[in-house]
């Protein structure tokens with residue numbers, strides 16, 4: 001009986017794979033356990049949209065596909081439900097927290113300082129550098145700093161009187177907040193007791209639904225050990241328009257995987273032209289988990305919208321999208337296994353006890369403008385340009401694509417967190433304006449409006465060079481900033497590689513949770529990024545984000561009912577476009593205001 005059940009299960013799995021995966025691509029593995037992915041990306045076959053069509057023709061196959069995926073990934077573990085934060089729900093006491101977590105972050109707090117003058121900004125930056133404090137984030141109004149509660153008097157003693165009372169406790173108990181940020185209490189316990197954490201968390205493909213999401217993959221943050229198989233599955237299930245590629249190898253020997261999404265042109269004359277390509281990257285800084293989940297969400301939305309959404313179908317015919325969930329794969333793994341707030345990569349420095357380089361300060365353009373020479377600093381760029389292995393691999397891959405693979409990069413969107421900002425070059429200095437400043441501002445304002453119209457969230461638009469208060473004071477250019485900006489990725493792609501539209505987008509939130517954004521924000525933030533991509537693509541097509549699908553002259557693409565919409569395809573897509581069209585005049589008014 002047991003043998004018959006096993007045979008039946010195997011047959012179900014085989015049939016499901018045949019229906020769910022139109023062209024399964026074998027991914028070879030090296031002897032060290034890493035996927036052997038070719039950095040040279042093959043062109044896509046010219047086929048009609050597939051992969052998703054099976055679910056439309058035979059809806060019953062949805063159950064069969066889910067069964068197959070559950071067999072591949074496993075069922076959800078039975079763990080206690082994690083209490084929500086904040087609210088009246090009971091939180092774990094210090095006695096319940098893992099000892100290693102308490103040893104590292106017990107007694108740590110996050111303070112927010114309100115800044116109003118250049119002198120205050122400079123004083124806070126110098127004090128934080130003197131005490132080796134972790135500057136979490138800063139904007140035109142505030143700066144968030146992590147430190148031990150016992151060190152607060154020392155910090156205040158280095159600050160002017162105007163700042164000594166201009167702060168508040170953003171996170172009064174950081175250790176508890178970190179513990180709450182893991183997908184499950186069981187996983188958090190395992191993360192601080194054993195390095196073999198993949199056994200403690202097995203992703204499931206079906207459970208109780210989260211509002212606004214039908215896929216459990218986006219109901220929680222996922223570790224790299226889950227993201228890579230998921231990417232491999234996407235490339236197999238939707239092989240007509242998706243390829244899994246490798247950007248390079250990290251310092252610790254891990255692959256840096258990416259998904260290339262797009263459809264090759266049907267006409268031979270078009271196929272010989274350089275392929276216009278847009279990059280969406282996340283995870284430069286390991287602790288910024290929402291940037292990683294937002295890249296995977298955007299990838300899923302693009303992949304499953306092809307053939308269903310006319311706007312997305314056209315974008316994938318006109319552009320390739322390369323989506324890199326995390327450049328900093330070593331650091332990202334480290335945040336799951338050891339230190340949730342680790343920021344840099346895991347590269348060795350000249351100080352044995354201070355590992356890691358800031359990948360977003362390691363690129364070659366204006367690298368020398370970053371004066372941080374302390375290897376223990378969270379912003380340490382290394383001793384030379386491109387010393388950071390992952391930054392070097394990323395840049396080399398991009399150059400190789402343009403020089404040898406007939407690729408023309410037309411856009412670069414680098415996701416970070418937090419503070420809800422859309423930033424454009426230059427990052428290294430406020431004294432130099434980019435040649436295409438007006439175009440960068442115009443598109444940046446449009447991206448922020450696309451987010452506001454779709455979700456109501458406010459994203460500010462500014463030059464990446466602006467310090468904590470420099471944008472407030474006309475004619476003032478900050479030279480002593482909270483964090484030096486030389487060697488940034490957006491500057492290098494813009495200036496060295498000639499990518500005309502290069503942006504850093506700092507995602508949710510504005511500080512209530514900081515890097516520890518609750519899982520309930522994964523889908524809403526992912527939707528914001530997806531709307532950014534749609535507006536970005538339409539803008540490059542010359543449609544200013546208000547493209548309308550042709551009706552009578554083309555064969556219509558049936559729009560499914562709401563319950564059948566793939567994750568990420570918003571029913572109100574046309575409504576959003578109409579509202580963007582109505583408000584496009586506001587963008588011109590904003591640009592005129594900035595010119596005064």
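Backbone N, Cα and C atoms are what each Cβ position is placed from, and that goes for glycine too.
According to Swiss-Prot, the protein carries these features:
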SIGNAL    1-26  signal peptide
CARBOHYD  114  N-linked glycosylation site
DOMAIN    220-540  domain 'Peptidase M14'
BINDING   285, 286, 287, 288, 343, 360, 361, 417, 418  substrate binding site
BINDING   285, 288, 416  Zn(2+) binding site
DISULFID  354-376  disulfide bond
CARBOHYD  400  N-linked glycosylation site
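Overlay of Swiss-Prot annotations on the structure.
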| residue | record | contacts (Cβ under 8 Å, 6+ apart) |
| --- | --- | --- |
| 114 | N-linked glycosylation site | 141, 142, 166, 167 |
| 287 | substrate binding site | 335, 340, 341, 342, 343, 515 |
| 288 | Zn(2+) binding site | 282, 415, 416, 417, 418, 515 |
| 354 | disulfide bond | 375, 376, 380 |
| Arithmetic mean of per-residue pLDDT over the domain 'Peptidase M14' (220-540) | 92
| query | C-alpha of residue 400 (N-linked glycosylation site) to C-alpha of residue 285 (substrate binding site): distance in Å? | reply | 24
| query | Taking DSSP three-state, what's residue 114 (N-linked glycosylation site) in: helix, strand or coil? | reply | strand
| Among 285, 286, 287, 288, 343, 360, 361, 417, 418, listed as contacts of substrate, what is the widest Cα spread in Å, to the nearest whole number? | 17
| Listed binding-site residues (285, 343, 361), ranked by Cβ neighbours within 10 Å, top entry | 361
| said: What is the set of residues, excluding 285, 288, 416, whose C-beta falls within 8 angstroms of the centroid of the C-beta atoms at the Zn(2+) site? | reply: 282, 283, 284, 286, 287, 291, 343, 360, 415, 417, 506, 515
| task | Provide the three-state secondary structure of residue 416 (Zn(2+) binding site) computed with DSSP. | result | strand
| If you draw a 10 Å sphere on the Cβ of residue 400 (N-linked glycosylation site), how many other Cβ atoms land inside? | 14
| query | So among the recorded positions 376, 416, 418, who's got the most Cβ atoms within 10 Å? | reply | 418
| task | Please report the DSSP secondary structure of residue 287 (substrate binding site), reduced to three states. | result | coil
| said: According to DSSP, collapsed to three classes, what secondary structure does residue 343 (substrate binding site) have? | reply: coil
| message | When DSSP is mapped onto helix/strand/coil, what comes out for residue 361 (substrate binding site)? | response | helix
